[in-house]
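The structure appears below as structure tokens.
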Amino acid sequence: MADSGSEPRSLLLVHAHPDDESIDNGATMARYAAAGVNVTLVTCTLGEEGDVVVPELAHLGAAYEDRLADHRAGELDAAMAALGVTDHRILNEQNRYRDSGMMGSPSNDHPRSFWRADVEEAARSLAHIIRELRPQVLVTYGPDGGYGHPDHIQAHRVAMRAAQLAGQAGQADASQNARLPHAVAKIYWNCHPRSAARFSTKALRAEEQTPFLLDESAISVTDDSFATCVIDASDHLAAKSAALSAHRTQMTVQGAFFALSNNVGRLISGEEYYHLAYCRPDLAVDEPEDHAAPDLESDLFAGL
């Protein structure tokens, strides 16, 4: 699985905050890392505005000492170790962006908030990484960021623009002159199909004792038809659970479930879903003549 043509297989994931990667892609990352694929995570902020679920660490939060960033960086290190991923980076690390908080909050207006970042500038920084790593596959969020968080929306914008810039000749600055353009072959957006959300809710309801709440609304779900790929990495479920547990300021993990600060329980699943947002034209698969839904891909590198 480690080779694709003349270059090693490389997977790049772009996320907004520490913990997003473990929630959306933890099993996927562990599977590909174990198979010898070069897996790289780029995190756009260190989640300074995150709610702290551990009472004894609440003083680190933005409303108190505002020292959560360094702590969450350590949690991210531990999560990556659990997943077997050795290359994880902070976007524009020397002048990094700050967590913008939820949409409409005062933290959106912080001078360093990612929401206020210049998309072209941030995209150039990410394009530099793309040219360096030369990934065939890029994973990020869809246009709404999954649930409308400003940093998720901005991560989508930056990742998509960076993929464009990385493939264009003449877009390198002085520090990139030695790096040739690179065209990402496939871009996927994370998604959470409605049927998977229902299965999670059903599993939680069947628990006789749980500290977690049920939520039937699940604002981040998509129609099942939106998913074009499912990665079954159930063999790496323990690694995903360990990675989630590493983000202890942000979530509670108990048995087969986890919950963020809203205490809504979600099943820790080894199946993770994706929507193919872009595919290099020579790799595109034609629609079936009868317009039947095509089978889901089972490999992000399918066709490469």
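Any Cβ shown, glycine's included, is placed from N, Cα and C.
The Zn(2+) site recorded in Swiss-Prot comprises His17, Asp20 together with one of His128, His152, His156, namely His152. Sequence-ordered, the extra residues of this chain that approach the Zn(2+) site, with Cβ no more than 8 Å from the Cβ center of His17, Asp20, His152, are His15, Ala16, Asp19, Cys44, Gly47, Tyr141, Gly145, His149, Asp151, Ala155.
The secondary structure of His17 (Zn(2+) binding site), as reduced to three states from DSSP, is coil rather than helix or strand.
In the three-state DSSP scheme, His152 (Zn(2+) binding site) is classed as helix.
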